[in-house]
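Peer 1: Before anything else, here's the structure in question.
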């Protein structure tokens, strides 16, 4: 039996007496059998690929970085979500800013962000990265990394748990699913 015949057998209607289930298998031939390929919107395909292979770059500045390392350890296993930490901004599409951002580090954060290829996303992890946190009134602290780079997801906590970071990453995946990449 050839490949097309096997696919045809799988694509035929499983409901008896010739009834057609319009939701699962619409009436008529499938595009795969007619033309040999399946069509989908390019946005859906790109977003599926992007959510399945997010490569974050760690920008650990303080104690939140320890929880970020904990999220990448064996207990939570970010690899099952297709998330692999990358050492270089040119290889990553997500930046996780974890910890207190001081004024001297702000230009370096922006420089690293600018080196990332498009499309790029930022997760702000912890109270200090979100809004200055405990050091909010210090003269040397940036009151939120969103003043330097655009932030897509905020993960609250001091420090946030590794589970909270995983939840934030899953929220970013949902946000990526909803984006429209190609102007239409």
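Cβ coordinates come from backbone N, Cα and C, glycine included.
Residues or ranges marked as [4Fe-4S] cluster binding site by Swiss-Prot on the basis of sequence analysis: 63, 64, 128, 158.
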Peer 1: Return the count of C-beta atoms lying within 10 angstroms of the C-beta of residue 64 ([4Fe-4S] cluster binding site), excluding that atom itself.
Peer 2: 27
Peer 1: Do you know which of the binding-site residues 63, 128, 158 has the most other C-beta atoms within 10 angstroms of its C-beta?
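Peer 2: Going through 63, 128, 158 one by one, the largest Cβ count within 10 Å is at 128.
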Peer 1: Name the secondary structure element type, per DSSP in three states, that contains residue 158 ([4Fe-4S] cluster binding site).
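Peer 2: Reduced to three states, the DSSP call for residue 158 ([4Fe-4S] cluster binding site) is coil.
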Peer 1: Applying the rule Cβ within 8 Å of the centroid of the Cβ atoms of 63, 64, 128, 158, what extra residues of the same chain belong around the [4Fe-4S] cluster site?
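Peer 2: Here the nearby residues are 62, 98, 99, 100, 125, 126, 127, 129, 133, 157, 159, 160.
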